[in-house]
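K.L.:
Could you have a look at this structure, given as structure tokens, before my questions?
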Amino acid sequence: MAPNSSKFLERFGYDLLLGSIVAFYAFMVPYTKVEESFNVQAMHDILYHRQHIDNYDHLEFPGVVPRTFIGALFVSLLASPFVLVINLLHLPKIYGLLAVRIVLGCVVLSTLRFFRVQIRNKFGLQVEAFYIILTAIQFHMLFYATRPLPNILALCAVNMVYGYWLKGNSYAALSYLIFATIIFRCDMLLLLCPLGLEFLMIKSISFCGALKRCIGVALLCIGLTVFIDSILWKKLLWPEFHVFWFNSVLNRSSEWGTHPVHWYFTSALPRSLLAGYPLFLLGVFLDKRVLPLILPVLCFILLYSKLPHKELRFIISSVPMFNLSAAITANRIYNNRKKTFWKLLYLIMLGLLLISLGCTIITFLASNENYPSGYALKELHRIGRLSNSDEQWVHIDSFSAMNGISRFCENDFPWRYSKEEDIPLKELRLRNFTYIVNEHPVIDGFDCLFSVSGFSRLRLHIGFPPILVVTEPKVYVHGNSENMDLLHKNWPGC
């Protein structure tokens with residue numbers, strides 16, 4: 001048994017480590033935000049409404065631009081056996097959300113495993129080990145791994161691209177990148193172009209061969225997304241083309257905020273890579289194999305920097321390759337740690353790794369407080385059910401819907417929910433709502449029953465821990481002032 005256990009740990013130990021961290025993040029922070037809403041609602045509808053497309057959430061709340069259902073369909077198919085068991089046990093639907101998130105995390109980690117195996121084959125066991133250490137102590141990659149963002153669905157394909165790139169199969173790498181571009185994220189075109197150019201320059205592909213492969217794969221992907229998404233959106237549609245037109249041609253993404261051109265290099269990458277950031281930059285000078293690997297990815301970020309609207313998740317697909325460069329550097333420093341100059345670098349590297357772990361813990365604690373409306377609705381379900389059998393209508397405002405509440409958070413009868421938008425506060429009392437989950441502390445005609453705090457800022461503290469997470473009330477739950485059964489309950493108060 002001992003040799004078998006040793007072989008199992010040797011083969012899957014890294015996967016168990018990363019999987020445990022991913023599962024911890026998912027269970028500790030089960031709720032989702034607005035960026036994930038389309039795929040979360042789509043997975044809910046596929047699993048619970050199935051073929052009844054008229055009941056799907058996206059037909060009532062289509063969002064700014066349409067998104068593809070292909071990722072949601074794939075994850076829902078894999079998660080459906082677990083959701084079936086959840087339904088048979090009559091568990092709340094929030095367990096269904098955890099199921100789809102854990103399944104998505106497994107898909108991300110399986111593609112990351114493929115990349116990691118190629119790292120081991122090309123650079124050795126020690127580089128692989130440092131790669132795992134760097135990935136484990138970084139927050140954003142593993143935290144986002146279970147969050148159904150288009151960027152994470154594209155990341156699955158990009159991990160395969162990186163793996164086939166190291167394996168020397170350039171045509172397969174291009175095929176996966178075209179798939180990611182056409183189906184999930186049109187901005188992957190900014191990685192496809194420099195990577196394809198590098199393949200041509202090093203003659204790992206021919207121009208004619210690449211052209212044939214790219215056109216063939218592109219046509220298949222376009223056909224797939226148009227066929228599936230046209231059915232579910234009930235109109236002829238290629239979703240990512242609409243996204244490309246909205247973001248790149250009309251340049252309307254800037255309506256959601258802008259950052260300076262250097263923001264990815266001075267804010268997003270340092271936060272996502274932590275200790276890996278200086279290590280990956282140093283790798284360019286320490287190992288001649290690094291520059292050809294990170295140059296196309298650097299070009300991707302440079303090109304992306306020209307778009308004024310920036311978010312960390314937009315460039316998360318660059319993190320695995322930058323971590324490889326950082327792991328190569330860490331391995332070089334470790335192997336030379338007994339030499340005088342390298343010993344100093346080794347001590348600095350250990351310090352950076354410890355600081356990274358501390359930053360990850362603090363970021364997790366802050367993120368744990370960033371989904372207040374999900375916890376508010378959970379508490380309302382726990383203590384708010386009335387003795388009579390009448391329907392209890394809960395109105396959820398836009399702020400609450402964007403900060404933790406999805407269809408997976410809803411309960412069955414007698415609970416009913418409204419996400420109707422743009423209702424003036426003064427008009428709410430004229431509606432037949434039992435409860436209101438809202439960002440406003442005072443609403444005419446309703447009594448504030450309790451509030452839930454959310455992340456506000458970080459504060460330096462003399463002592464341990466040196467940094468504290470400061471919260472403040474973010475979401476308020478109100479009850480109808482005319483409902484006596486409701487007011488007789490023992491509410492925490494606001």
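Including glycine, each Cβ sits where the backbone N, Cα and C put it.
Positions annotated as transmembrane segment by TrEMBL: 12-31, 69-91, 98-117, 123-142, 149-165, 171-193, 214-233, 261-283, 290-307, 313-333, 345-366.
Help me picture where these features are in the structure shown.
P.N.:
Residues 94, 97-98, 101-102, 105-106, 108-109, 112-113, 116, 128, 132, 135-136, 142-143, 145-146, 364, 367-368, 370-371, 373-375, 404-406, 409 of the same chain lie 6+ residues outside the transmembrane segment (12-31) yet bring a C-beta within less than 8 angstroms of a C-beta in it.
The list of residues near the transmembrane segment (69-91) in space but at least 6 beyond its ends in sequence, with Cβ under 8 angstroms from a Cβ of it, reads 39, 42-43, 46-47, 99-100, 103-104, 107, 148, 150, 153, 183-184, 224-225, 228-229, 232.
Sequence-remote contacts of a segment are chain residues at least 6 beyond its ends whose Cβ falls under 8 Å from one of its Cβ atoms, and for the transmembrane segment (149-165) they are 35-36, 39, 67-68, 71, 104, 107-108, 111-112, 114-115, 117-118, 172-174, 176-177, 179-180, 183-185, 188, 191, 195, 293, 313-314, 316-317, 320-321, 324.
Here the transmembrane segment (171-193) has Cβ contacts under 8 Å with residues 68, 70-71, 150-151, 153-154, 157-158, 160-162, 164-165, 199, 205, 209-210, 213-214, 217-218, 221-222, 224-225, 240-241, 243-244, 247-248, 296-297, 299-300, 303-304, 314, 317 of the same chain, all six or more residues outside its ends.
Only residues 6 or more beyond the boundaries of the transmembrane segment (214-233), in the same chain, are considered here, and those with a CB under 8 A from a CB of the stretch are 53, 56, 58, 66, 68-70, 73, 174-175, 178-179, 182-183, 196, 239-240.
Sequence-remote contacts of a segment are chain residues at least 6 beyond its ends whose Cβ falls under 8 Å from one of its Cβ atoms, and for the transmembrane segment (261-283) they are 134, 137-141, 290, 294, 301, 304-306, 310-312, 315-316, 318-319, 322-323, 325-330, 349, 352-353, 355-356, 359-360, 363.
Beyond the transmembrane segment (290-307), the same-chain residues lying 6 or more positions past its ends with a Cβ under 8 Å from any Cβ of the stretch are 165, 187, 190-191, 193-195, 197-198, 202, 247-248, 251, 253-254, 261-265, 269, 280, 283-284, 314-315, 318, 321-322, 324-325, 328-329.
Sequence-distant neighbours of the transmembrane segment (313-333) (same chain, 6+ residues past either end, Cβ-Cβ under 8 Å): 35, 112, 115, 119, 123-124, 126-128, 130-131, 133-135, 138, 140-141, 144, 149, 151-152, 154-155, 158-159, 162, 187-188, 191, 264, 268-269, 272-273, 275-277, 279-280, 282-284, 286-287, 289-290, 293-294, 297, 300-301, 304, 342, 345-346, 349.
Distant neighbours of the transmembrane segment (345-366): 25, 28, 133, 137-140, 143, 271, 274-276, 278-279, 330, 333-334, 336-337, 455, 458, 465, 467, 469; these residues of the same chain sit at least 6 beyond its ends, with a Cβ under 8 Å from one of its Cβ atoms.
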